[in-house]
Amino acid sequence: MFCLRSWLSILLLINAAPVYVALFIAGTFALRKPCVYCSILLCVLIFTILDFSGDWFEARWQPTVETVSETLSSLVSGNATIRDAALETASAAVSVINGTSGALASAAVEGVRRRIGGGNASLGTTWSAFEWLRGVTDKVSLRIPCVDVTLRFQLVKIMADRDVLSGDVKPSNYAISLFDLQAGEPWTYQGKCSIDLEVKNSTKSITLNTHELKIHSVEVFSEAGKTASSVKASKTEYDTKNQRCTFSFDQPLPESPKAVLTIAFEGTMNNHMAGFYRSAYKPTVEASKGVAKDGESHYMFSTQFESSDARRAFPCFDEPNLKATFDFEIEIPDDLVALSNMPESETKKSKDGHKVVSFERTPLMSTYLLAWAFGDFEYIEEFTRRKYNGKNLPVRVYTTRGLKEQGRLALESAHQVVDYFSEIFRIDYPLPKIDLLAVHSFSHGAMENWGLITYRTTAVLFDEYASDQKYRNRVVYVVAHELAHQWFGNLVTMDWWNELWLNEGFATWVGWYAVDHLHPDWDVWGQFVTEGMQMAFQLDSLRTSHPIEVPVRNALEVDQIFDHISYLKGSSVIRMLASYLGTDTFLQGVSDYLKAHTYGNATTNDLWSALSKASGQDVATFMDPWIKKIGFPVVTIAEEPGQISVKQTRFLSSGDVKPEEDETVWWIPLNIKTGPDATDAQRNPLTTKEDTYCDIDTSFYKPNANQTGFYRTNLPPQRLIELSKSLDKLSVQDKIGLVGDAKSMAVSGLGTTAAVLSFMEGFASETNYLVWSEVLSSLGIARQIFASDPQVAEGLRNFTLKLVTAATDKVGWEFSQQDDYLTGQSRALLLSTAGLMGHEGVVKEAQRRFQAFVDGDKKAIHPSLRSAVFKISVKNGGEAAYRAVQKEYFTTEAVDGKEITLHSMGQVQSPDLAKDYLTFGFSGKVAIQDIHSVGVSLANNSKVRDTLWEYLKENWPMLREMLGGNMVVLERAMRMCLMHFASFEVLEDVENFFKDKDTTGYDRGLAVATDTIRSNAQYKERDLELVREWLSAHGYMK
């Protein structure tokens, strides 16, 4: 049989005249009968490599890597022909076939794209053909038998969907100096940024990223040959929409390996939690004299650059694959502390009362990882136990003065995690220090800036005596998550934002992996299943979901994909893969991946290649649908004696999957537990739409053991009831998965709420906090959906109360020294649920403790029960209790106190108090970072949910102005406030309200909210009467 391997290298390297090449190919074709795939490739290669317009008897060039590189440069600069473009594309195509040079293909296409941008008509025609080919081949994956490879047509799609900066210049180092910082209005600062560049192609302009910066002057110093020159920009043009700035020069900048672009500029230390910004706080001890003040507020200053806000702080080439090193210095008051990614290198006196602090040069990294901060800081310190370059590394937690001791938990966790990750990744932490900084205003949870990790205060500070114990878990996890990024994201960075999941999905999984190592008694994988997987399922079951690897045209689109898909679905499929390959094998592949791309950028395929090599399996083949396709499957099971039949289809919460939405065939590890001892039954993964599995003991079986697979299971209704009688055979993860799956089947119409309620009756004697969390969360969704019907709502309340009463009475109010973490969390959850459902004894005791607390006995309420007691008291105590909790918001000294009081005040029972709370929330008295807590607490309260929507509509201009400075904040608030409704009328109202609004920056979140409302409304319409009938038949309706 004809084999590409027998002639491909000769065809590519031959330096003969075209006539001889043509005769060789024709003869080989006639004698060896190639397959259809090889025939297509032969045609492509013939028409791209042979120049039919030239001399057929003249020897030709050899398309080596070097010549392709030269062609690319010529093409971009305008010196190449269409034939050159075809040649480079053909060479790149062969590279893709061999699986070694995907990046070359990207460069080829980008070269053609840029050339077309210059207005060449013939190339425009060529590009149209490229676009057509891309549209066709993007959906095709071919197996070529004679080379034993799968050809995934990615040749012409990689760069076409990106709006990136020109490749004419490339940065290598930034020298940034900030001075004349105004500690008050207008909060401006002056800056100088000198960027070392390679001028790759002669050009008369340079475009980079700026946002809300004022450019004073621009000059380029260059060395070309033996001469040096400088030229000033003759014109500066701002592209506000795309956050770019173009500097034009009267004469071309020559190609040069070394040029320096020097920019003088002015910026603002804003209050939007993006770029270089200020955070207001009230000091707990006397502050230093140099601290900026504004009325009662004091200020610290820090940065938040991910994803695309470095451009708010200094002019830069703000794309993740344009890595560079950074030198940084800043002028600050003498008595304040400055921090950055690297250790301080020098401090020198400046103008009166000020100093200039300089820092060592960073390693090669992306702009979004640069960070600096200054303020009235103090720190606590530990050292790693491992040695790095012969030294134990310093690990510090910085806070504003008076709070450092609350950083002990984070500090103790951090130094252990750094050592642990250095061990399992087989790569030592590469920087000379690790700093963790508590920031008073923070839009996210934390940010992994290399060497200077910044955190929301509740994600890094913990008071052993005053904090709710649930924050202990949060602090340890978030610390581990951000430290994971120091390798996975910082040392090796995704090539472009479409592969954000490489950063966030892995950091989420390995963050939990590290917490499990430190605290095996916390059962973190049970927590992951109930908090992580279920949230990922919820978003990914919507039509408005997106693939894990999602197209991102420019960096301005990326903020909205920092969501449960990138983080939680990403980590869920990684957990599934690690379980299948074996964790040791998986981590070996991860280590190989990190070592191969150290200080560089990488793609999903790079990770798959490393894992394939480590495991000996074709990882890309079975994982690509999970990464590149939207949604996830539900596996429907039918029972027969001794065997089960399984069928996979896409799952939508709306239940109305269309045929064209159900074309993906996922690789699904079934992981079946079966038999009287619930032992694992090894079965091949499901790789077709339908299959049958034999030798199954149908007296007991549980698919998806320990919920390691990211899919729902639709069991026969009777099987669900039988499993509720055998809960002792199931792991915590199994129980959580069964509850979550059953609830989702009801929502979608593949099951019924009646079946779920029957199943849940078996959990009355459950003792595990994580299982209770999933059970009560699922019941909470049902109560939310059916809340508009008073009779059914009352029946569900009675059902919930009966379910939890025995467990609540058993767990009691008092904490003991013997209680473990999970027992304490169970107590808080059960008391809160029972009290809010009307348990008379719990309500009475909560109100007694609350009154004692209000009267001055701060020990009357255990820190972990503040949330339960406050919520129960506000719900049952009217305005007096609401005002008391509002007062606690202002006076609390606990780091978690404001979050707890905000969520508690949402339990108000009247529209008037709800309006009062909203007015309070948007009065400026609640930090912007916390405003969504106001809305979410009311959205979760069926009594006042409609009041929330009316307020949002009536006050939209004010809300848009207040929250719109940071689109992350606005998107989060809109999505979380709206997605709890379950009415077609509200859905129509929401869609009509926003149809004439500019929703740029929060359109994806708004689509998620409306899709969720639609699914909720369909569920209510379908199941309301069935729920009523079941509740009545079982005595819950009075």
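The count begins at 1 with the first shown residue.
Here the Cβ of each residue, glycine as well, is placed from N, Cα and C on the backbone.
Feature annotations, reproduced from TrEMBL:
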type: ACT_SITE; residues: Glu482; note: active site, proton acceptor
type: BINDING; residues: His481, His485, Glu504; note: Zn(2+) binding site
type: DOMAIN; residues: 186-369; note: domain 'Aminopeptidase N-like N-terminal'
type: DOMAIN; residues: 410-626; note: domain 'Peptidase M1 membrane alanine aminopeptidase'
type: SITE; residues: Tyr567; note: site 'Transition state stabilizer'
type: TRANSMEM; residues: 6-29; note: transmembrane segment
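Those residues of the chain, other than His481, His485, Glu504, with a C-beta within 8 angstroms of the mean position of the Zn(2+) site C-beta atoms are Glu448, Glu482, Ala484, Phe488, Gly489, Asn503, Phe506, Ala507, Thr508, Gly511, Tyr567. Under 8 Å, Cβ to Cβ, and six or more positions away along its own chain, Glu504 (Zn(2+) binding site) finds Gly489, Phe562, Ser566, Tyr567, Gly570, Ser571. A sphere of 10 angstroms centred on the C-beta of His485 (Zn(2+) binding site) encloses 25 other C-beta atoms.
Between the candidate recorded positions, His481, Tyr567, the densest Cβ environment within 10 Å is the one around His481.
For Glu482 (active site, proton acceptor), the same-chain residues lying six or more positions away in sequence with a CB closer than 8 A to its CB are Ala446, Met447, Glu448, Ile453, Tyr455, Ala507.
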